[in-house]
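Report on the following structure.
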Amino acid sequence: MSSYFWAQNKSNRPDLLCGQPADYLVEEKHFTTLVCFIVVLGGLLKMCLKNSEVTVLTILSLLGFVIGQMAYSSVEVHQIVYPLLRTSSFSLYSYFSPLIIFMVALDVDFYILKNMFWQVLLTGLISFSTASIILGYVVIKFNKASWDLQSCLLFSITLGITDPLRSVNSLKTIGISKMYIDLIRGESLIICSITSFSFPIFSFSFFLDLHVGIGLSLDILGSIIFGYWCAKIIRCILADVFSNMLTNIILCFSMVYMTFYIVELLGMSGTLALVAVGLNLDSLTFKPKIEFVITKFLRIFSCVYEHLIYTFFGIVIGCGELDHYDFYTITFIVILFTTVNLVRLLTILLVSPILMHSSYEYNWRWGVVITWSGIKGVFNLLLAPDIYNLAEQKVEVPEMFILYVQVISLLTMGINSYVMTQSARKLDLCVLSLPRQMALQNATQHIQEIVQNTITLSKAEKILTNVNWTLVEDKTRIEYIPSSHVSHKDMKKESTTDEALIEEARLHVATIQMSSFEKQRNNGILEIEAARILIGAAKCYYSIQGKFMSIYDVSTYMRTRSWLMKFKTVLTFLEYHKEKIHFIPPESNAFLTFIFHIVFSEEFEYTGQIINLIYIYPMIIHLWPMARDLNVSALISINYYFMFLYVLESTLKIIILKRKYFRQYWNTLEFFILVIGIIDIFCVYFVKLRPDNLALIQLTVIMGYLRIIRFLPLFKIIVPILISIADVQIKKRLSLMYSITKGYIKSQEDAKLLIKQISIHESTYQKLYEILETNKQDAVKELGLIEHEGRDVVIALKTKQAIRNVIAKALKNLTFLCSRGIIDKHESTEINKVLLKKLKALNNFPKAIPPPTPDKYLHNIIWLEGKDVLIDFFKERAKLACFDYGDIICKGGEMPQGIYLIISGMAILYSLSPTFGIESSQRPDRKSRDMFTEFCTTGDIIGELNCLLKREIEYTVICETSLQACFISLEDLYEGFDAFWPSLEYKIWLKLALSTAYQYFESSLIDEDLSFQKCVMFNQAYVETLSSYNEMTIDNMTMKFVIIVYGSVIDTKTEEPYFAPCIIPTTCEQVQGTSDLSKLLIIQASELTQRNSNTNSTLVFKQPGDNITGRQKMR
């Protein structure tokens, strides 16, 4: 609402909206009891009538009408409801609307609305205009109660609002695309915002004045800016790691109401400000638990507010006389209801060309559904009383405004919602796509397997031997098929072309990526700004048909970084460098020696800068005409004095520097300023001689204004500051881009793990996999270039992330200890505060850390374990290898020379898919090997596996940039094996085995903590070696996972072959090696229990080597 309501003269307001005035002593009591009764009754009705909210609101409205009639005829009841009747309409609006507006705006996706902003804005404007004009005409034409034009116009505006709360509630439960839900809600919010400005304008009838349009534009802009900064404040409040949930909820709710009231008090729109607040807050702003609680609170309050509003206005209607209601009232309601829907139809017809142009999904079926979305609700009711309050000509029966609006809102809630839902279902707009159906089927199957495994384990417990397991299995069988969402007829008719299936899968992949970004943010892996950019980019490209988001689509900040780099280059060029020349003054010339020490002293530079600063005041006087006329002679004298100082400064520099004086650009600029100043002095002198020469006077005036260039040398003081600021911004952008790229790579890996669940055909899966792998490799290349460009920034970011991960794990362990009662709650709180302080201190972590020296990189080789003996041994033998762009580090077919630990730079690796030590004759199913590329960056090690096996290299590595690597030769490596036998060689195998296992079976090992250090110290995982025909027994009691990471084995019982990489199934009891060398990674169970004790770890036979052609860690 506009600030007009704050300034409204109370004498113009009616004492009562309707009904008779109180002709008795009013005692305001029991109204609170009435409010509580309405809340409780509304809750009970909602619980009993779960699927019929409109029935609940109808019952409450009728109850309010009955109470109003009782108040009309009974003084005792009238005393109870009198506080409501005395409450102003703006007070009711201020009590109820802020929270509802905020909840609706918070639920709207900002990025979807941003992509369709102009379409939504045009839809809102067209809807508002058509509703105002057509409804206004119908009310004037068919309403027999002689309402004036102003009342009819305000009534049509009120009735034309589409309620943002109710318009999409029925669509959200049937699987309708969120894009169209946000389109409807965005349109509703725009109409509400327009109405908040238009109501006072139409009430005063001066909306054609120019100053009103300018003031309206400023109010809109001010409301949006105020809402944006309030959202920033809420973000800062919620970002504090020490804030608790209760404090956050209270502050969030308080800020909503405070924003609304302050903006209204400043004469702007509180509605529009809250829309801006809600749109600028997203799921990443809140912590996971806080978001859930705040959303629940908002839903609870909005539901309670809705019940109160409909009951209150039912009371207001009931307080009027019944004589005004007749059969024509019903007829007019039908006319209004029909007109409202026809206006909505006309609006959709007008905006359909715009929507069809902006979205490839929009068609006539969506138009039919959206046509029925013009549902009215609480916002229409809250504005209804102001039709009477703002109209200059008062009508006889004001409660009729409220009656028509309330009945129309209930009719649209019931009829429009039902028709809209049925239309969406009949037109198959809520049918699950094939990838979603397949994902749902796989999820259901997985849950059923977990249930069946739980039953199988429970049968072994003695205490449960007499349970009727047949009945248990029957009651726990899951056969969930959302028949209301799936059209079996259309399942057959749907296009089965690869293009159509890939497009459907693309949308699902985008959803998986967005979920991955949110998960990374919640786990502390991804910065909130990086996560917000990634999610925003994913949603932007979601609506582009056939577009898979690549890292180049995300990296909009690269252009900003490029601009900053150019800006820094210019500043570096302009930076003043004081070079001290090799000048040896003659011993006999004390004058030159004295000048030399003066010119190259710090005081000389400071003096020149102070002179320039002092001249600011005379220049201000010179530019001020009145002051200049009063101080002409003084200004001329001051000008002579300063020019003398400039001449003296330049003369001293030229005496010492001679020709080198003009090699410095700043000296050239100072000399140019000096020449201009001398010309200025001569001009002033000649004007005194020829005061009647107009051209000379004009030249003198121009030269006087040119004195302002004397301040340009001050810029060289600012240049170093600007360089440091630009450098900080560049490091921030590099850090942000690195986080974005890392998060993108992780999302690609997550999507690759899940695309098998949504792929209908094998060809679809292969195409999706190739697209995701290509995008991932592009991102890895971009990551390497960022590391090469800003090593110090990347090191700082990695260090910060490592600290964050350690603290996060400590917090998790602290929660575990507290939950088990090992430490009490007070001790846990104190330790938690210490850890949170360390976490908060990371906000001030340096943006750049100098890279370590090459010998320090040996500490990063994980199988050296940071042991000084091993590090010193290889430090003596390691060499620094340097390569230029295009150099070949190692070539396929050659014998390995040693291992390379990349220190800086990036290389590209070309290879066929790895053989894992399996001859082609053993794998008849794999006739060809796919070619793939991989980017190696800082920290990667090249050549470990080939050095262990002493076999030919299967790949070629070429430098993509200049590269430095720490090289350990093959002879030195085997000398280390001999010196530290057998632990060193075993640790390298263990590192490679863990890397392979995590690469291919990350989803199965997600709950396992298999860090290299723990595996070495506590033997949680170890490597077994099998030669050809050697056997190994698998103990299911102690071995949780058995993974073959190199070579091949067969099941001695069934003779089933297993090729690396592969998880040996639980049914296998003994294996036999079939390759010359086979390596198996054994992951031990945490306790001596059966391998199937954990229902979530049930495995089936997997052979990912057939499909995966991406990055291989074993080299």
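Using the three backbone atoms N, Cα and C, a Cβ is placed for every residue, glycine included.
Those TrEMBL annotations? Automatic predictions, nothing curated.
TrEMBL tags one of the stretches 266-285, 546-565, 866-885, 966-985 as transmembrane segment, and that stretch is 266-285. Same-chain neighbours of the transmembrane segment (210-229): 2, 197, 201, 259, 262-263, 266-270, 272-277, 280, counting only residues six or more beyond its ends whose CB sits under 8 Å from a CB of the stretch.
Same-chain neighbours of the transmembrane segment (241-260): 94, 97-99, 102, 226-227, 230, 233-234, 270-271, 273-274, 277, 286-287, 289-290, 293-294, 297, 833, 836, 839-840, counting only residues six or more beyond its ends whose CB sits under 8 Å from a CB of the stretch. Here the transmembrane segment (120-140) sits apart from the transmembrane segment (297-318); fewer than 3 CB pairs are under 8 Å, leaving out pairs fewer than 6 apart in sequence.
Fewer than three CB pairs closer than 8 A are found between the transmembrane segment (297-318) and the transmembrane segment (708-728), and contact between the two stretches is not assigned (pairs 6 or more residues apart). Within the model, the domain 'Cyclic nucleotide-binding' (885-975) carries an average pLDDT of 82.
Using DSSP to sort the residues of the domain 'Ion transport' (610-723) gives these counts of helix, strand and coil: 106 helix, 0 strand, 8 coil. Taking residue pairs at least 6 apart in sequence, the transmembrane segment (708-728) and the transmembrane segment (401-419) share fewer than three C-beta contacts under 8 angstroms.
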